[in-house]
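Each remark here refers to the structure printed beneath this line.
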Amino acid sequence: MLSTLARAATRRPLTVMLLWGLFLLLGFGLGTGVFGRLSDDVPDVPGTESQVAAEHLDGLDPAGDSITGVVEAAAVADPAVRAEVRRAVADLREVAGVAEVPDPYATPGTVAEDGRALVVSVTLEGGLDDDAEEAAVDDAADRLHGIDGSAVSGVHVSGGPLLGQQLGERAQEDVKNAELISLPVVLVLLLVVFGGLRAAGLPLLVAVAGIAGAFLALFGFSHVTDISVYAIQVTTMLGLGLAVDYALLMLVRFREERRHIPDVVEAVHRTVAAAGRTVLFSGLTVAVSLAGLLVFPSTFLRSMGLAVAAVVVVDMLAALTLLPALLTRFGGRIPPAKARPEEEGRLFARLARFAARRRVAVLAVAVPALLVVALPVTGMSINLGDARQLPKSTEARQLYDAIEAHFPPGTGVSPVTVVLRPGTDTATADRIGAIAGGTTVRDLPGGTTVLELPAGGAADGPAATELVERVRDLRGDAPVQVTGSAAQLVDFRQMLADRAPWAALTVLTGIFVLLFAFTGSVLLPLRTVATTLLSLGAALGAVVWVFQDGHLAGPIGAEGLGALSLTAPPLIIAIAFGLAMDYELFILARMREARERTGDDREAVVTGLRRSGRVVTCAALLLAVVFGAFMTGGFSPILQIGLGLTLAVLIDATVVRMLLVPATMALLGRHAWWAPKPLRRAHERFGVREEAPGPAPAPPQPAAR
């Protein structure tokens with residue numbers, strides 16, 4: 001397959017570049033439409049009690065979405081403010097698609113006790129199509145923002161479909177800013193690596209293809225499932241980072257090949273045959289790591305896993321087709337690598353020899369140190385999060401802060417909703433209804449009764465969680481179901497706990513098979529997984545320490561929220577594990593190549609690290625720059641994911657790959673490459689091998705006359 005791709009790219013480079021040009025137009029033209037289709041992060045898990053109950057209620061009483069406005073003033077009872085608000089309420093009731101707008105002055109609980117704020121709730125009609133709903137939301141928001149006057153100090157509007165629209169606009173701005181920050185820095189680093197603009201510019205072209213692929217993949221998935229506002233940032237930063245990494249690996253190999261092969265086309269073929277296989281397996285390992293997300297029956301996690309996997313495939317194809325085509329056309333102008341193999345990477349060779357010579361000491365220091373950093377993971381907690389996760393400049397966050405400042409805890413939080421199906425006995429209904437004060441009752445068609453219990457605080461707080469568990473304990477065998485945000489979180493946490501072992505088994509099995517196919521060893525995959533888990537645990541522990549416990553949160557613009565976003569841990573684990581496999585394959589490819597050439601196991605470790613250390617370090621720095629740029633947006637989940645991935649790649653590329661890998665390889669010795677005879681025969685037949693670089697082929701001799 002790789003030889004076919006190489007031939008196509010070298011024989012028809014202009015055609016390949018034209019096809020990728022059309023792909024870029026499609027990605028940046030059609031794909032950017034995804035920013036208008038983003039939603040806030042909802043942990044729906046099909047088949048769970050909370051989701052089944054919510055769907056049952058929607059079928060009986062298809063209520064429309066709602067938006068909320070908070071009006072702040074020195075005194076909302078001021079006649080001028082009252083007149084402005086009531087004028088706006090009257091206007092809102094005339095908006096097409098609006099079902100209900102209660103008078104805040106006549107509705108209990110909507111005027112703050114301090115008299116300095118009030119809430120205006122706008123409920124839309126159910127069953128509106130997308131265009132009608134968007135028009136109604138925009139019109140209603142404009143009329144709420146129209147509440148002004150000298151006595152009004154501020155109006156904040158958000159919620160429902162407006163929240164998704166606001167987050168989409170902010171996400172688009174953040175992605176643009178992150179690209180403007182990261183691309184110039186990446187270019188500077190590539191200039192340092194390659195010493196010339198021609199070579200440095202090619203990875204950026206591949207990166208642009210990765211970004212277009214991210215937009216297009218998400219736009220496609222947005223037509224079949226909800227796409228979280230955080231998905232666009234995660235996929236874009238990963239698409240950009242991996243594209244640069246893969247292009248870097250290919251370009252470094254191309255320059256090495258050009259050192260002894262004058263023919264550009266031949267050098268491209270040998271680059272694809274050697275480094276291309278590493279890129280292919282790297283992409284597959286990242287995709288397998290993300291396959292673990294498909295085990296979770298969560299629409300969000302599955303759509304995220306599929307979207308990111310699609311982006312990885314686009315990056316991989318761009319590195320294997322677009323870059324070879326570009327090298328065919330412009331590679332002759334790129335100077336070959338200057339240093340000889342025995343001269344390059346001396347620092348990494350010294351590190352490898354030190355770690356191999358002091359392997360027991362290195363393991364005795366590095367492993368406990370990483371375990372200590374990972375300790376906070378044992379107390380990790382996740383929650384739904386609230387508007388505190390949003391940047392303070394977003395209107396949704398400003399609305400949240402206004403409610404927090406003027407109203408009692410729990411105001412504006414969705415209640416714990418209890419669905420009493422037909423057949424529920426009166427005694428059970430009475431016991432549940434008496435749990436919390438302020439319970440409201442609604443009767444729906446078909447004999448269903450709904451109890452709405454005040455959550456008593458944030459939907460992801462301990463009071464709401466305890467309330468859900470108490471209701472479920474009290475119902476016995478009665479046909480009673482609990483839904484609402486708090487119940488969704490309880491079910492989501494339980495789903496993660498139930499499916500996490502299966503997800504881990506899926507990922508580890510897939511990784512083991514791929515690494516065995518790549519190396520022919522059964523011990524190397526086990527060693528790789530063990531060392532990768534150390535770096536992953538340390539990175540996740542640091543994220544918990546910063547964001548959950550609140551240490552050092554200020555310098556990076558975060559807040560100690562007492563828990564991580566429910567999206568952060570699974571995404572950090574899946575993506576970081578795949579990225580770590582990337583670096584492992586970069587190093588193992590060089591080690592195996594040196595071992596097959598020399599037969600010396602220990603020297604192969606040194607040579608492998610010497611030849612790959614610079615690439616791995618540069619790749620980690622480039623990814624860290626990209627992840628860091630996306631952390632400037634201020635979304636707390638993105639800050640958590642960005643910090644986790646940045647630390648994971650830096651720890652993995654330094655402590656793990658530069659110290660633990662040579663130390664463990666030296667400890668295993670020749671047994672590192674061991675496999676039972678049946679598996680060894682299977683690998684000889686079905687395994688994957690790279691073509692090692694060698695001298696340029698001799699020129700053809702003229703035919704005898």
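One is the number of the first residue shown, and numbering goes on along the chain from there.
Cβ coordinates are placed from backbone N, Cα and C, and glycine is handled just like the others.
When the ranges 280-300, 658-678 are checked against Swiss-Prot, the one recorded as transmembrane segment is 280-300.
In this chain, the transmembrane segment (306-326) lies apart from the transmembrane segment (615-635): fewer than three C-beta pairs between them fall below 8 angstroms, excluding pairs fewer than 6 positions apart. Using the rule of three or more Cβ pairs under 8 Å, pairs at least 6 apart in sequence, the transmembrane segment (615-635) is not in contact with the transmembrane segment (280-300).
Counting only same-chain residues 6+ beyond the ends of the transmembrane segment (636-656), those with a CB under 8 A from a CB of the stretch are 41, 174, 230, 233-234, 237, 366, 370, 385, 388-390, 531-532, 534-536, 538-540, 542-543, 546-547, 556-559, 561, 564-565, 567-568, 571-572, 575-576, 579-580, 583, 616-617, 619-620, 623-624, 627-628, 630.
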